[in-house]
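Working notes, structure below.
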Amino acid sequence: MTNFPKTVMLLGSGELGKEVAIAAQRLGCHVIACDRYADAPAMQVADQAEVLTMTDPNALKTVVNKHQPDVLIPEIEALAVDALQALEDTGICVIPTARATAVTMNRDRIRNLAAGELGLRTARFAYASDAQELQRAAAPLGWPVVVKPVMSSSGKGQSVVHSAAELDKAWEIAMAGARGSSAQVIVEEFLDFDLEITLLTIRQHDGTTLFCPPIGHQQANGDYQCSWQPASISPSQLQQAQTMARTVTDNLGGAGLFGVEFFLCGDEVVFSELSPRPHDTGLVTLISQNLSEFDLHLRAVLGLPIPSITAADAAASRVILAESQGHHVQFSGVEQALTEPDTNLLLFGKREARPGRRMGVALARGTQINEALAKADRCAAAVKVQVMD
């Protein structure tokens, strides 16, 4: 991809897509942002926007044929993956590949690949297609267990279950949070882990693999709350994580940045999940690295050099959540939030708030992780999300 500008089409236009769009435009690309609703965050900065049902194969093919993009960059899971494969077969470049998008959109396919085909260490797991089957599948794993829809995003539909009496409720939660048409869950043993990390893994067109320093993160109900970089892990743990990340991304192929999640349990590293795109926990790289995860994604996608990846001594992020439902979103406390040095805010531009919805993120650097986390916490706490109706 030596000639510029390029036309980039984003399939999904949330806050991560918005940063991808900005990174693409800095490289002179023409960006078309697509989503199922108008005025999504990435649409606010894109050159053009399209509203469509992206699980509709005909609608997806129509919009791609209309714009003839050089690259298609999926930013969400809920896509017509058969249409993506058909488009790739005609010569359209799907990032990282149509197969990678299909495999990672459902937890069962990526888990079967990782644990079954590739032999990566994972939590023990089983699948269930109804509440009765869930009862049978959960008991052999021991209590507690974690129940998740095979297809969801941002932790939706997840719950930790401590006894058989709670499984029917867990099934209801999973079905309410599921995306797509699949009525299936994955049930996993609950790991008594020390830390969750994301290893941002960059795969270039020639097969070269690069890694960012590991990112530690904390979640609530499966949804990211804060992250920090670098995570303190041993050389052995880092080697295990890098080996597993390289193994699975080489199998998926293509070029781009992958967010590979692991649990650290004592000296062991356990594969958790993988996203073939920038990761929400990686928002910290907007303040921590010389090239953010979004810059790295675009460089890999477009075949551009990545001479080095350097990171600050310590950096952290903390999400800013809405507490109420409504439109006409406004923010107060921004001035107070930005009084400390080496801090920044991203306010995503979402037009609708609802309790627990991620509306922004606070970023901070420090000399140590605890200092950076405390600064990010103060920055985020100062910002209040208000709705006018």
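Numbers here mean position along the shown chain, with the first residue as 1.
Every residue, even glycine, has its Cβ placed from backbone N, Cα and C.
These come from Swiss-Prot:
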BINDING   GLU15, LEU16, GLU75, ASP280, LYS350, ARG357, ARG358  N(1)-(5-phospho-beta-D-ribosyl)glycinamide binding site
BINDING   ARG107, LYS148, SER153, SER154, GLY155, LYS156, GLY157, GLN158, GLU188, GLU189, PHE190, LEU191, GLU196  ATP binding site
DOMAIN    112-302  domain 'ATP-grasp'
BINDING   GLU261, GLU273  Mg(2+) binding site
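Overlay of Swiss-Prot annotations on the structure.
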{"residue": "GLU75", "record": "N(1)-(5-phospho-beta-D-ribosyl)glycinamide binding site", "DSSP class": "coil"}
{"residue": "SER153", "record": "ATP binding site", "DSSP class": "coil"}
{"residue": "GLU188", "record": "ATP binding site", "DSSP class": "strand"}
{"residue": "GLU261", "record": "Mg(2+) binding site", "DSSP class": "strand"}
{"residue": "GLU273", "record": "Mg(2+) binding site", "DSSP class": "strand"}
{"residue": "LYS350", "record": "N(1)-(5-phospho-beta-D-ribosyl)glycinamide binding site", "DSSP class": "coil"}
{"residue": "ARG357", "record": "N(1)-(5-phospho-beta-D-ribosyl)glycinamide binding site", "DSSP class": "coil"}
For a quick check of packing: other C-beta atoms within 10 Å of the C-beta of ASP280 (N(1)-(5-phospho-beta-D-ribosyl)glycinamide binding site), how many?
23
Minimum Cα separation from PHE190 (ATP binding site), reported as the residue among binding-site residues LEU16, GLU75, ASP280, LYS350, ARG357 that achieves it:
ASP280
Including all protein chains displayed, how many Cβ atoms other than that of LEU16 (N(1)-(5-phospho-beta-D-ribosyl)glycinamide binding site) lie within 10 Å of its Cβ?
26
A 10 Å Cβ contact count, applied to the binding-site residues GLU15, GLU188, GLU196, GLU261, GLU273: which residue has the minimum?
GLU273
Cα-Cα distance linking GLU75 (N(1)-(5-phospho-beta-D-ribosyl)glycinamide binding site) and GLY155 (ATP binding site), given in Å to the nearest integer:
16
Can you give me the same-chain residues 6 or more apart in sequence from ARG107 (ATP binding site) with a CB-CB distance under 8 Å?
LYS148, PRO149, VAL150, MET151, ILE186, GLU273
For the binding-site residues GLY155, GLY157, which Cβ has the most other Cβ atoms within 10 Å, all shown protein chains included?
GLY157
Any idea what the Cα distance is from SER153 (ATP binding site) over to GLU15 (N(1)-(5-phospho-beta-D-ribosyl)glycinamide binding site), rounded to a whole Å?
14
Count the other Cβ atoms sitting within 10 Å of the Cβ of ARG358 (N(1)-(5-phospho-beta-D-ribosyl)glycinamide binding site), across every protein chain shown.
19
If we check Cα distances from GLU75 (N(1)-(5-phospho-beta-D-ribosyl)glycinamide binding site), which of the binding-site residues GLY157, GLU188, GLU196, GLU261 wins as closest?
GLU261
Sequence gap of 6 or more, Cβ distance under 8 Å: name the residues on the same chain that satisfy this around LYS350 (N(1)-(5-phospho-beta-D-ribosyl)glycinamide binding site), in order along the sequence.
GLU15, PRO41, VAL329, ARG357, MET359
